[in-house]
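Taken from Swiss-Prot, the feature signal peptide applies to 1-34, supported by sequence analysis. The N-linked glycosylation site annotation in Swiss-Prot covers 78, 303. Residues or ranges marked as disulfide bond in Swiss-Prot (evidence: sequence analysis): 173-182, 175-191, 193-202, 205-225, 228-240, 230-247, 249-258, 261-275, 298-384, 302-386, 317-442. Under the heading domain 'Laminin EGF-like 1', Swiss-Prot lists 173-227, citing sequence analysis as support. Look at Swiss-Prot and you will find 228-277 tagged as domain 'Laminin EGF-like 2'. Per Swiss-Prot, the feature domain 'NTR' maps to 298-442.
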C-alpha cells in the first residue's frame, strides 16, 4: 500500500515550486528574446532602437564658472558651442544646464555635417528689460514621423553671458525603422539590422535581397528587402542590382531574372551553360574530291578547292536551291537532247541522274518538287572530279540555276554546284534558315557575282 505522506512530503512541494520557477524563467526568456522587428507571426514590422544618452564633445569649450571663484573677472561663457555626436541620431531631447542665470537669448541648431547647413530647432529671443534666463533649458523633439530630427552635430548660440555646465543629449540611432538594437557608442554607431538590410544605419539591402530598391520602414509599411528572383540555372549567383533588381546572367542568358536565352542563342541541357550559340550549318567536303591533276584540261577547271563550307544566312540566301536528295541511278545521254545549247560551254556529253528529293530547304524560281526526278551533270565535271556521286547515297545539293538553258525545269548539277554527303545534324539549322527566309531575311542579300563557292 502506498504511503500518501510521501506524495505530499516537503520534497514534493519543492519540486512543484522548481517547475513553476523554471516555467517563469522560460516565459521571461521568450519575452526577452522576441524580436521587436517581427510580429508573433513572423511578419516584418516597423521598429526603433531604444532612446539612450548620447555622448558629445565640445568643439569650442567654455569655462566651467562653477569651479572658479565667485570674484573671477570673467566668470561666464559667451559665444557658440558645437557638439559632435559621433554619428547620425534621431534626437528626442536636448538639456542645457547653467550655473548662473541663463543667457537672455538662445538658439539651438542641428546639422548633418560640421559645415552645415544648420537647421534651427529652438529659439528664445531676448526680451527688453530681461537680464537673464532660467538655469535649465530643455528642448523636446515634436512627436510624429514627419517631424523627426536627424542630426550629427548640435550648435548652441548664447546671446549673452552665461555659465554653461552640462549639455545632455538623448536620442536613438538612425536605423531607418529596420533595427531595434544599436551600439550607440561605437564609431560610427552600428545598428543590428533586420529585414535583410545592411550598413551602419541599415541604409541598403543585402546583395541577395535586392529584388526591389531599398526604402526606409514606416509604421504603415515595414518595406523589408525582398530576395532576388534569380534563376537557379541561368544566373551566376543569387545577387542582383539594388536599383533595378537585374540578376547577373550567364553567357547567352538574358532577362531580369536570367530566365531565357538571348538572341542568337538556344537552350541546351547543360546547367553550366544553359544557353548555347546557335551554330551555323557547317558542311564537310571530306568525300568531295579535288580536280584530277593528271589531265591538263582539268587544271583550274573545278571551283571546289577546300574541304569545308560554313553555311550562314548570307550564303544561304545566295543559293538558288538547297536540297536533300538521294542518288538512285545514272544513264548516259548524248548532247543532242533539249540541253544541246549548253553542250558547247560545258562539254559534249551529259550524265542524267535519277535522284529522289527528300527535302527542299530553299526553293528556286522554277519549283523543285519532292520525289523522284532527273538531275543533269556535264560529263567533263564528273571526269575532272568536280562532283563524285555514288548511287544510293544521300547528298546536300547546293547551287545556282544554269544560265542560257532552254528548259528551266531541269535540275542542273555542274562544276559550280556542291554535292556534300548528307549529315542528319544539318536539318535543324537549315530549317531555321528557311524560316528566316520566309520572314523576309533574304531581302537585300543579292547573289554574288560568281557562283557560290566554299569558304576560303
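From the backbone N, Cα and C atoms, a Cβ is placed for every residue, glycine too.
Sequence features, as recorded in Swiss-Prot, placed on the structure.
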| residue | record | DSSP (3 states) |
| --- | --- | --- |
| 175 | disulfide bond | coil |
| 182 | disulfide bond | strand |
| 225 | disulfide bond | coil |
| 261 | disulfide bond | strand |
| 298 | disulfide bond | helix |
| 317 | disulfide bond | helix |
| 384 | disulfide bond | coil |
A 10 Å Cα radius around residue 240 (disulfide bond) captures, of the disulfide-bonded residues 173, 191, 261, 317, 384, exactly none
Can you tell which of 261, 298 has the most other C-beta atoms within 10 Å, given these are the disulfide-bonded residues?
261
Students should find that the Cα atoms of residue 258 (disulfide bond) and residue 193 (disulfide bond) sit apart, in Å rounded to an integer, by 29
Rounded mean pLDDT within the domain 'Laminin EGF-like 1' (173-227) lands at 91
Indicate whether residue 193 (disulfide bond) is helix, strand or coil by DSSP.
coil
Round to the nearest Å and give the CA-to-CA distance linking residue 202 (disulfide bond) with residue 175 (disulfide bond).
5
Cα distance (Å, whole number) from residue 175 (disulfide bond) to residue 193 (disulfide bond)
8
Residues near residue 175 (disulfide bond) by Cβ (under 8 Å) yet at least 6 apart in sequence within the same chain, in sequence order, are 48, 49, 182, 191, 193, 201, 202
